[in-house]
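Participant: Below is a structure I'd like to ask you about.
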Amino acid sequence: MVSLRGLTLTAARPRIIVPLFARDPAALCPLAKAASADPAAELVELRLDPLPADEFLNALALVRGIVDKPLVVTIRTRAEGGELALTPDAYAAHCRALLARGGVDVLDIEWRACGAFRAELRDAAHAAGAAALFSEHHFDATPATDAMADTLTGMADAGADIAKLAVMPRCAADAARLLEATARAADARPDTPLITMSMGPLGAVTRFCGGAFGSCATFGVTSGTSASAPGQPPADVLKAKLITAPL
Ligand SMILES: O=C1C[C@@](O)(C(=O)O)C[C@@H](O)[C@@H]1O
C-alpha cells in the first residue's frame, strides 16, 4: 500500500491533487498558500516545467516551506505536453538534484521519455524517501484500449509505486475506453495504485468517476490556481461530486 504522509492511495477513496502551475517563481507563493489552505486539496503537485530551470530547487524549497500536504514533484517535458524540452540526460539530472534537495514525497518520472534512467531514478526516489510515479501522456489522442491497459500494467511491472496515464479523447467513447483500460489494469495489478484521466471537456467525467474503475486520485484546481491540463474541475466541486465504488 502506498502511504504518503499518512494518506493512503486507494480507488475506494480517490484523493484530490491540486497542481501549482506558474511561469514566474514569485507567483508560486500565493498558489502554494491557496492549495495549503484548501481542505479539498489533499495532495499538491509542483509543476516545475513552466519555470526557468535554474529556479527548480528554489521553487521546491519555497513550496515545501508552505505545504505540509504530500507533494508530487513533476517536470513535464514538451514531448509529453509540458512546457520544457529536455534531453533524457538533462531530465534525469534535474530529477536527481530535486531528490537530493529533499522534500519530495512523490517523483513523477516520465517512464518512456527518461528511457535508460528509469530504474536509476526510481531507486534514487526510494533512497530519498519518495515514491516513484511512472507517467505517460497522450495530448492528441486516446490510444487503443489494450495499449492503455498494457501501459499501466507495464509501469507496474517496471517497478512503479504509482502508475499514471493521461489521454485526450476525440469522442465520448474514448473517455469510456480510458475507464475500461483502467479497470482492466486495476484487476490485473491490484497492488499498484493507478491514476488515470481523460482530458478536456469530453473527458472531464472521468475525473469524477475514475475511482469506480480503479483510479486512486484526480486533479482539480483551487480557487486562485490555474489548471495544468485541460478539463480539471475546481477541487471543491470534485470533492462534492466524486463518485466511488461501491456506491
Ligand atoms: O499527469 C498529470 C495529469 C494532468 O495532465 C491532468 O490531466 O490532470 C495534469 C498534470 O499536471 C499532471 O502531471
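Cβ atoms here come from the backbone N, Cα and C positions, even for glycine.
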Participant: According to TrEMBL, GLU45, LEU46, ARG47, ARG207, SER228, GLN232 bind 3-dehydroquinate; so which of ARG15, ARG76, ARG177 is the extra one listed there?
Facilitator: ARG76
Participant: Highest Cβ count within 10 Å among the recorded positions ARG47, ARG76, LYS164, ARG207: which residue is it?
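Facilitator: Selected residue: LYS164.
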Participant: How many other Cβ atoms are found within 10 Å of the Cβ atom of SER228 (3-dehydroquinate binding site), counting all protein chains shown?
Facilitator: 22
Participant: Got a sec? Which of LEU46, ARG207, SER228, GLN232, the binding-site residues, have CB under 6 Å of any ligand 1 atom?
Facilitator: SER228, GLN232
Participant: Within 10 Å of LYS164 (active site, schiff-base intermediate with substrate), Cα to Cα, which of the recorded positions LEU46, ARG47, HIS137 are there?
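Facilitator: HIS137, listed in sequence order.
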Participant: Among GLU45, LEU46, ARG47, ARG76, ARG207, SER228, GLN232, recorded 3-dehydroquinate binders, what is the largest CA to CA distance in Å?
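Facilitator: About 20 Å separates the two most distant Cα atoms.
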